[in-house]
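Record features, source TrEMBL:
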- 90-122: repeat 'ANK' (REPEAT)
- 157-180: repeat 'ANK' (REPEAT)
- 207-239: repeat 'ANK' (REPEAT)
- 240-272: repeat 'ANK' (REPEAT)
- 273-305: repeat 'ANK' (REPEAT)
- 498-519: repeat 'ANK' (REPEAT)
């Protein structure tokens, strides 16, 4: 019947085909009607013309592909006479259609049977590579690379297959792509690399993010390690100024952070929005990442400079993060038995914490104002704790200061030394003067060192030294004078125009030993006049200190300076 109908319609070629290959025509009909079992049986017959073309240009292979039955396709591909790269009327091979329609299993089967990729649109092929990389289709990736697909080809966002594999944590595919990155082989120059579409390990997308950056931002530790071991650049900024640490903070995986920190250790680096990695981790609600950054020395006083948002404000929706931040901001040392110095340091930390919690953003809101619910309660409780703790510390330090004042009044230098050693300061000026007098009276060098440790700036240090040196010279404390001159040779002045001048005191008392020590001081001005207008030589002569006068003359003291007239 089909042959008769073909003859009546004038289709001579069809009529001839029906006469010579009736099984092929039956197969075509079975394929078009999706009768897979019949088609499978017919396809196994030797009389089938596997390279049959329909009048509309459709090949038998295209019809088999259209059924989407992989077993049927596998049977077809086993035929050694199959023209696998035959095209339809639109010039498309079966492989091109499989790729275009996303039939990846069929694509893989065709590639395994050596279907040619060069007849397929490059954009489609590279898109399939990226899709296979993102879905962890290792077989497809390997097959495409084997057939010469460029691993560094990008989509409209500048993303390579390596970006997709890295972002999704597909370590095996990352390794496969790296093995095909010719820039890592050291056998071609950069121009050759660029022309052939390689160098994908450090390729950046339109956001300036490398594969290592996206793997880090997604928390994939094994991929991060693989890329770093393949020499991916770790000191690279994305377009918004983010470092690799910022990426690790975005991902929030503490293992990634711990691995990245030794490679990119600037904890206070800011992106274009002025955010530190800690700020980003807090903003994302990554408590473990926040704690890891704290363990590495990140500052809890992070502030986004643009709108003055503190890290507490940005974490206001993340209770566990705020709890971690408060633990860092408000350490809870055991204050019982704490030294004065430790108490003072703890108080300074609490003052800084109080000031930070009271900061306001550009909307004039504090962290408490921004927060709500349980987080707001946490912050309010923190403020209350700080106030109470500051009051308690103030009382504790005042008790220590009172104990020092009492010890000085009682001339109990043992207790005084112990308290000064703990960092207690003599707050009253009379106590400081009493300490200086005690140093010069007793020649106690330990007491002097303790006294000097109280000096808060260079001017105060110099003042204490001058008083101590002058007193030690007046009391003939040779060892103390030697100690001061040796330790503070470039700081202390042996001559002054106001107050007691050590050189003048030594000349006046005739102490040749002390005078010789003072004359060796690098700050010496031998002809300086004291507050009464006398030089040291003039005082030695006036008080008939002959030996002292001879010593001064031997080192060039000027005898021509006029004496004051009263």
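Using N, Cα and C of the backbone, Cβ positions are placed for all residues, glycine too.
The structure displayed is predicted, hence computed values, not measured ones.
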Residue numbers, six or more beyond the limits of the repeat 'ANK' (240-272), whose CB comes under 8 Å of its CB atoms: 207-209, 212-214, 216-221, 224-225, 228, 234, 278, 280-281, 284-286, 288-289, 291-293, 296-299, 305
So what's the average pLDDT for the repeat 'ANK' (498-519)? 91
Distal contacts, the repeat 'ANK' (207-239) - CB-CB under 8 A, six or more residues away: 158, 160, 162-163, 165-171, 174-175, 178, 184, 200-201, 246-248, 250-253, 255-256, 259-260, 263-264
